[in-house]
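Following: one structure in C-alpha cells, then a few remarks.
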C-alpha cells in the first residue's frame, strides 16, 4: 500500500501509514461533507495540527500529492502528541484521518517530480517564488499573513519528508527568509503593525504613526538578559513590560493595539493633519489625559487608604525631560492595560486590580529608577520572566479563591450569607488590611485565601481543573473568611433597612393623620387644639421605636460580616443601638410626664422657650432628638457641602461623618447640584401633598366615624365558637376594616408616581419636540426645512461657512443631505420595506445639474404636474399673472414645473445628434421663456393641446426608462424600440409646433425628420435616473401621497426627520469623534434560520414563512420583486439563501443584530467620504455609490474612509461556545458555527471572541485549559488573531452573560462601548447620528461631571406579531421613552436596564466593567452596572433623538417567563448591597425616586395582591363570625360609608398602572386620537386581562425569591409563537403562581357572597368585589385565552389526553417534569429544599389560614343545629381524619392488592362504598343533614386538606422520616386533579362552540393572519380529501 518516498536509490524514509492504529468508526457521518472542514474538527488536545490540515485543504486544488503529504505529517504529529489516544475524540479523529490517507495514497501521485522529497521541495520553491517573492510588495497584509503561514507549514512538512542532509540550499535559504519575516506577516486585528509592502491606509494616518513611535521609544530602559547572558532586545514598551512581569504574548499584542488606538484617537481630536509634520509626535497632553482618566480610580483608592501612589512622582518629573516623562507615563498605562487584559474574572474586582497595579508599579519604579526595593532594600532583578508568570503567580491564586467560593453555590442552593461573592472579595481591598497579603501573595498565611478545612472535590468536567488548581496554588485551610461589609440575608426587612427614612415618614404621617381625623369630628379647627398637637407629637415616640428597629436590623443583618468589619464600624453599630434604646425608653417616659397647657395653642407657642424651666421635658427631648435631622436638612440644602465632606479623606472630617454613615469607598458624594435637587424635590413635594391629601380625605377620614361606632357596639352572640367573647371594642372587626386601607395607604404612592411621571414626562417630551413630525402629511409640510435641519445637526460645523447665502455652499449642503437621504432610502429598499417604485419616488438627485430649483423627492411632487396641466388647460383668464400666481401659491408645484421643463429641455437636446435639430429645441425653449418674460404665454401658446402633449410625452419617457440597449439581445426588438422612440419624439415635436404654438410651423424645416438620436444615453446611469425622475414627475398621480405604504418605513422616515429638529450635540468630523465599540454577548441562540426550520410545519399546518408572509405581506411582495430582478440574476440557491435571510431579519436572530450594528461602519465610511469631499465637488456631486475603485483618487478616498472607520469603530460578538460549536457533530451546533463564520466572511470588520477549551498533556495526563480567543473572517475560514490563556473556566464563577461579556471586553477598542443584546437591531439613519451621541460624553453637566452612561431609547419591533406582542411593545415603549425620560430628568435615578446604552469605556473598565456577575444576587446583571456607576460617582443621561431596535417576547409563556426572571432579579436586588447603599446614601427625595422606580414597584405589586387577600380574609372573618351582620344591622352605623371607604382599594387590581404612561407616550408621538383609539382596541383585545395576569407573575416570583431564593436565568426563547401550548404545559407553568391563588380567591368570594347575601343590600358590594372577580378570572383563564387554538375542539381533546397521561405517569431519576406529574411536583418544591428555617416557619404560618374555612363553615351547617360548642369543631376534625384514613386505605389497597388480589381489592372498595352510603343515610335521616351541607362541607374541608399538604411540604424531611411522604404525594395528586378539572371544564364548554375559537384567533393575531390561518386549514383539508 505504501509507496517509496525517497529517491530512486532508496535514500530517505518511507512514507508509510502506521498499521498499529486500531480501526475505529469515523468521527463523522457523511464523510464527503467533512473533508473540506476537517481542520476545524480537530480535537482540542491536537490543536497544533489544525494549521497543517488547513494548509492541506488550501493547496489541494494545486497539488493533491503535497496536500496528502501535509495530512500525513499531521497524522504523524497527532500520533506523537497522543500515542495512546487518551484525549477526548482523538481516537475517532485519527481513525478518520487514517482512512482518508489510505484512500489518497492510492489516488495521488507526484506531479512535479518523480518522488515525494523532490515533489515537496519543488512545490515549496515554486510557492515561495509565486506568492512570497513576487507578492510581498503587491498583496495586502492579510493575504501575506496567510501565505507566510502556509510557507511555514510547508517547510515543516518538507523537513518530515526529506532528510536534513538532502534538503537543497535554495529551500534552506527560503526557509530562513520566511522565518526572519514571519512576525511581519502575522494575522492582525485592525493594525498590521509589522507589515511590509503594501501598507493599509490606516498605517499611514499620522496619529497612528505618532502613537506607534511613542510606544516604540525604548531608549534608556534597562535591558534584560537571557540565561545565557545575552541582552534581550525589545521593540516597544509593552514587550519590555512583558519581559519584566511575565505577561502572555497574546495579551501583549492585544493591548499594544489597544493602547495605540487609544492614543491615536485621543491625539487626533486636538490636532489637524497639518499639525503632525513630517515626523508625527504625540502630544504630551494626550498621554496626560489618558493617565488622568485611566488612573482616577487608582488615585482615589490610594487616597482613601492613605497610602502613597506609585506614579505621579513630581520630584522625578522635575528632573526628567518631557520625552522621558512621557515614556514613564506610557509604561504605567501599558502596565495597567496588561494587568487588566490578563486578569480574567478579577476584572470584576477593580480595587483588587488597584492593589496589583500598586505593587507592580512599585516594582516598575524600582527597575526604572532606584533599582532597590523601598522596603526591604533588595535589588530588583532584570532577568525576564516567562510569559505565563503573571497568570500563574498573580491571577490564578485569586481566581482559585473565586472558584472555591463559587463551588459552594452549586445549583444556586447555597445562601448568600454563606459564601463570598465578587463584591465581598473586592471590598476586602477597601481596607488597609489588604496589604497583609504581601507581594508576591502569601497564599499559605493570608486570610484572604483561607478556605474551609473540608472541601468537596469538583465533579464532572471540572474535577481535573480543580485538582490542577489545588496543586499549583495551595490555599490555607481553616475557618472560612466572613462576608465583607454587608450580608445578603433573605428577608423582607431589607426593604425597611434600605429605605427606613421613607417608611418612617409614611408611618409618622399616617399616625398624625389618624390622630387629627379622630378629633376632627368634634371640631373643624382641631388642628389648632393644643391637646391634639400634644397627641400628634407622640409621633416622635413612634420615630424612636422605628429608629431602634433600624439599629437592631443593622446589627442582626450584618452578624456574618462582623469578623471582617473595622472596629470603628462595629463600635458605630453598637453605639447606634445604645442611643436608639435610650430614646425608646426616654421618649415614652417624657411623654407621660408632659403637662397639658389649657390656654390654647397661641400661648403654648409663645411660652415655648420663654420660661424654659417650666417647659415639658418631652418638648426638650423632641428638640434634642431633632438636632441630627436639622443638620441633615441644612446639608441637604447645600449639596456641594455634603458632597465635599463625604468625599474628603481627611481624618477630622471622616470622624465627623462617621456617625452619619459608615465609611465606605463607594457611595460618597452622590448628591446632585442645586438645580437638579430643586427639580426632583419639587416633584416629590407636590406628589406627597396630593398623596397625603387623598389618603386623608378618601381613605382615613371616612373610616373614623364608622370605626368609633363599631368600637362602641356591644356584640353578645356570634355565629361560631368565640374564644374571646369578652373582648372589647370589636378589635377584630377594626383590624379587618383598617388593614387593607393601611396597605393601600402604603402602596398608592406608586399610583401617584405613575400619574405625576406621566404628566412630567409628557411635558418634557413636548418640549423636546417629540412627535412634531409623526405623519406623512406633517413630513410633507416641513420637508423643505429638513435639509437645513440636517446640515445644522448632522454636518460638522467646521465644514460649514457662516455665510449661508453662498450658492456653492448651499449646493454642497444639499448634496450632502442627498447622499445621506438616498443611502437611507436604499437601506429601506434592501430591507424590503419599500418597493422599487417607492424607492424611485423617495430618491433625490445628488446635485442640481442643469436645474435651477431644488429637486425634491418625487413623492412630494406627486400629481403636481397633472394638476398644473389641468389648471392651465381649463384656465379661462387672459392674464399670465393669474395663472402664475396660482402655480406659485404651491411651492412644490412651482418647483416641479420648473424642474420638468428644464430637465425635458436638457434631455431633448442631449438625445438629438443633429445640431440643427438641437437648434429647433433651443428656439422652442427660447420662445417659451420670452413669452413668460413678456407675460404673453397664454396668448402665444394654446393650452388646449396640453393633454395630448402630456400623453405623448409620457409614452416617450416610458420608452426611455425601459430601453437599455445593452440589455436587449434580440436585434428585431432592438430596432423596434428605436423606431418607437423616434416615432414618439416626432409626435412630440409635431404637437408642440402644431397644437401648442400659434406659429410653430415656421421653426421646423421640411427636411428635419429628427431621426438621428443618441441611444447611448440610455446606457449611462445618471441619464437613466433623469429619465426615471422626469417620468415620475409627469405621470405619478395621487397614489404617491401615501408613499411609503409600509408602516415601519413611515415610522422610520418620520422619526428621522423629527429627530433633526430635536436638541442634539453638533456633529464633529469623523477624525475628531470619539472612538467606540459594540459588544454583543451570544450563547446558543438562533443565528440564521435553516431551510429545515423554514419548512417545518406546526400542528396547524403553518410554517414560519407563511406566518411572516401574512404578517408582513407588503414586505414579502417587495422581497419577491427584489429577488426576481433580472439585473441581479439570482439563481435558485441564491434565492433560497435570501429567503432564509429575509425570515431571519424578521426574527430575533444574531444575523439581524449584526446587520444592524454594521450600519455603524457603513455610516462612518459615508461620513468620511462627505468630510473628505468638502473641497472636492466632483466626487461629492457624482455620488458616494459612484466611486470608481479603478480610479486612483477614488480608491484612495475609499481606502482612507475605511481606515478611519477602522480607527473609530469595532464590533465584537462574544460567541462563548463558538469553539465547541466548531468541533461539535450536532446539526444545530454545526449550523450555528457555519452561520457565524459566514457573518465574519460577509462583514470583514466583524470580530468574534470565544472561550476555547483545550485538553493539554501534563505529566502524561490530559488537563483542560481555557483561552480567550479572538478570530476574524479569512478567505474561507476564520483566522485566529489573539489567544490569551485563562486561569480556569471563566463562566464557572458568576452569571453567564456578564462572564461572557467580561472575557470579550478586552478585545473591544475605543473610548465608548455600546452594550447590545442579541435581540436588538439598528437602522442606517440612526447609526448616522452616532457621532452626535458620542459628543454627549464631552458635555459637562452642571459644571462638574461628564456622563458615564448615555442612555438611548428603543423601538420595540415585535409589536406586530400578535396582540400580546403589541401589549408588550406598548408597555416597553412607554418604559424606554417616557419612563426613562423622567428617571433621567428630573428624578436623576436612571441606571442601566440592559438596553442599548453607551458606556464611558475607560471609566468602567477601571471600575469593574459594564455589568456585575456574582451568582444569583446579580441575576439582573445589567442594572447593577448602573448602580455601580452611580455609586462610584458616575452620571447617567437619557436621549431620545436616536433609537435602536429591540425585540421582545411575543407569546404568553415567553412573556411570563421573562416577567418571572425580572421579578426574580428584583427580589435579589432587594437583598443586595447596592440597593442598600443607594437607599441609605441618596437624599430623601432621590431615595423616593429610586425606591418607586426599582424594587418598590415590585413590592407594590405584591402588596396589591396582599390587599385583596387581607380584605377577603377580613370579610371572611366578619361574615362567618356573624359580626358583619350585627354591625350592618346596627341602626347607628352607615354601611354605605363603611363600604365607600373600602372601595378605594378596588382600583388597584385592574392592571392600569402601566396604561397612563402608555397612553401619554402614544399620544405624544402619534397623536392623542390615535392613543385613545389604541387604548380602546387594547381593552377590546383584553389587555387588562393580560396586565392583571402579569401582576400575579410579578408578585409571586418577587415574594418567593425574597423568602426562599431559587432565582435563575430563564431562557424564554425568541422565536415566532405560532405554537399551541398544551393544558399540561400551562398548568406546570402557572399552577403555583396563578391557579392555586385564583382558586383560593374564588372560594373566598363564593363564601363571602353565599353567607352574606341575606343581609347585604348595598349596591357598592358589586363594585367592591368586581375587581376581585376580574382578578380571579384573569388568573385562571388568561393562559388559555392567549393560547393559539386554545379553544379548538380537537386541541382540547388532545390536551385532555396529554393531561391524563402526565398526571398518571410515575416519576423517577432521569424523568423530566414535562413527562411526569411526580417529577414536576418534586421540582416545584426545590425552593423549600434550599430555604432557611425561617422560610419554612413562614410557609407553615401562611398555611394556617386555610384552617379558617373549616372552623367557620362547620358552625353554619344545618347539621350543627346552631350549636356554638367547640365540640362541633372537634367532630369536624374527626370527619377529616376518617376521610384521610379512608383515602389512605384505598391507596394502600390499590398498591398492595390491585394486581395480585384484584377480587379482594374490589370487595374492600365495595365495603367502603356501602359504609359511606350507610353513614350518609343515617346523617340525613337522624342528624338532620341537608344537601347544602354537603356542598358547604366540601368548601370547608378542601382548604384544610390543602393546608395539610403545604405544612407537610414545608416539613418534608420529617415527613420522609416518618414514612408518610408518599401519602402526602398521593393526596397532592388528587388535589391537582381536582384543580385541573375545575379549570379545564370551562375550556371544554367553550370549545364546543366553533365561533369561540375563531374569535380567539382574531383576538390573538392580526386580521391578515387570521385569514391566512383559515386558508391554510382549508387547503390542508383539500389535500387530505385528494389523498
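Backbone N, Cα and C atoms are what each Cβ position is placed from, and that goes for glycine too.
TrEMBL does not curate its annotations; it predicts them automatically.
The compositional bias 'Polar residues' annotation in TrEMBL covers 1-10.
Feature annotation from TrEMBL assigns domain '1,3-beta-glucan synthase component FKS1-like' to 327-442. The average pLDDT computed over the domain '1,3-beta-glucan synthase component FKS1-like' (327-442) stands at 86.
Per TrEMBL, the feature region 'Disordered' maps to 1-20 (among others).
What TrEMBL records for 460-479 (among others) is region 'Disordered'.
Residues or ranges marked as transmembrane segment in TrEMBL: 502-520 (among others). Within the chain, the transmembrane segment (502-520) has long-range Cβ neighbours (under 8 A, six or more residues past its boundaries) at 495-496, 526-527, 529, 532, 535-536, 538-539, 542-543, 546-547, 692, 695-696, 700-701, 704, 708, 742, 745-746, 749, 1484, 1487-1488, 1491.
The feature transmembrane segment is assigned by TrEMBL to 532-553 (among others). Non-local neighbours of the transmembrane segment (532-553) in the same chain are 493, 496-497, 500, 503-504, 507-508, 511-512, 515-516, 519, 526, 573, 576-577, 579-581, 583-584, 586-588, 591, 594, 596, 601, 604, 618, 621-622, 625; each lies 6+ residues outside the stretch with a CB under 8 Å from one of its CB atoms.
Beyond its flanks by at least six residues, the transmembrane segment (573-591) meets 537-538, 540-541, 544-545, 547-548, 550-552, 554-555, 558, 616-618, 620-621, 625 of its own chain at Cβ-Cβ distances under 8 Å. The transmembrane segment feature in TrEMBL is assigned to 573-591 (among others).
TrEMBL lists 617-641 (among others) with the feature transmembrane segment.
Summarising the annotation, TrEMBL assigns transmembrane segment to 677-698 (among others). Outside the transmembrane segment (677-698) by six or more residues, the chain places 509-510, 513, 516-517, 636, 639, 671, 745, 748-749, 752-753, 756, 760, 1385-1388, 1483, 1485-1486, 1488-1489, 1544 with a CB less than 8 A from a CB of the stretch.
Using a Cβ-Cβ cut-off under 8 Å and counting only residues 6 or more beyond its ends in the same chain, the transmembrane segment (727-747) has close neighbours at 506, 510, 695, 699-700, 703, 706-707, 710-711, 713, 715, 1500, 1503-1504, 1506-1507, 1510-1511, 1513-1515, 1517-1518, 1521, 1523-1524, 1527, 1538, 1541-1542, 1544-1545, 1548. Per TrEMBL, transmembrane segment is recorded for 727-747 (among others).
Non-local neighbours of the transmembrane segment (1490-1512) in the same chain are 495, 499, 502, 739-740, 743-744, 746-747, 749-750, 753, 1379, 1383, 1387, 1389, 1391, 1423, 1463, 1466-1467, 1469-1470, 1475, 1478-1479, 1482, 1542, 1545, 1548-1549, 1591-1592, 1594-1595, 1598-1599, 1637, 1641, 1644-1645, 1648, 1668, 1671; each lies 6+ residues outside the stretch with a CB under 8 Å from one of its CB atoms. What TrEMBL records for 1490-1512 (among others) is transmembrane segment.
Taken from TrEMBL, the feature transmembrane segment covers 1660-1682 (among others).
The transmembrane segment annotation in TrEMBL covers 1766-1786 (among others).
Taken from TrEMBL, the feature transmembrane segment covers 1806-1824 (among others). Here the transmembrane segment (1806-1824) has Cβ contacts under 8 Å with residues 1758-1759, 1761, 1782, 1785-1786 of the same chain, all six or more residues outside its ends.
The transmembrane segment annotation in TrEMBL covers 1830-1852 (among others).
The feature transmembrane segment is assigned by TrEMBL to 1873-1891 (among others).
Most Cβ pairs under 8 Å to the transmembrane segment (1873-1891), among the stretches 1660-1682, 1766-1786, 1830-1852, belong to 1660-1682. Remark: secondary structure over the domain '1,3-beta-glucan synthase component FKS1-like' (327-442) totals 82 helix, 2 strand, 32 coil, with classes taken from DSSP.
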